[in-house]
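K.L.:
Pasting in a structure now, in structure tokens, and then I'll have a few things to ask.
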Amino acid sequence: QSDQYGTCSLRKMSAMEALELLDQLVDESDPDVDFPNSYHAYQTAEGIRQAHPDKDWFHLVGLLHDLGKVLALFGEPQ
């Protein structure tokens, strides 16, 4: 597996591009949600910011926590 993914040569994108791609995905763990998946990322980051205003690294983790799910758009299982 590291031979295939270790170089990150399959696709390169910014974090914002990946967040936008999340909106094309129907999340198997929550298929009945009627708002974009990126909204969940922003909602999580904002909730963390309100609870922990002094931990900017934690706000970022909340925003990025689901980005790996975009791999499902490229044939990987969720």
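Glycine is no exception: its Cβ is also placed from the backbone N, Cα and C atoms.
What TrEMBL records for this protein is below:
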type	residues	note
BINDING	His40, His65, Asp66	Fe cation binding site
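Give me the structural setting of these features: burial, nearby parts and distances.
P.N.:
The Cβ neighbour count for His65 (Fe cation binding site), using a 10 Å radius and every protein chain shown, is 14.
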K.L.:
Using a Cβ-Cβ cut-off under 8 angstroms and a sequence gap of six or more, which residues of the chain neighbour Asp66 (Fe cation binding site)?
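P.N.:
Expected: Leu22, Asn37, His40, Ala41.
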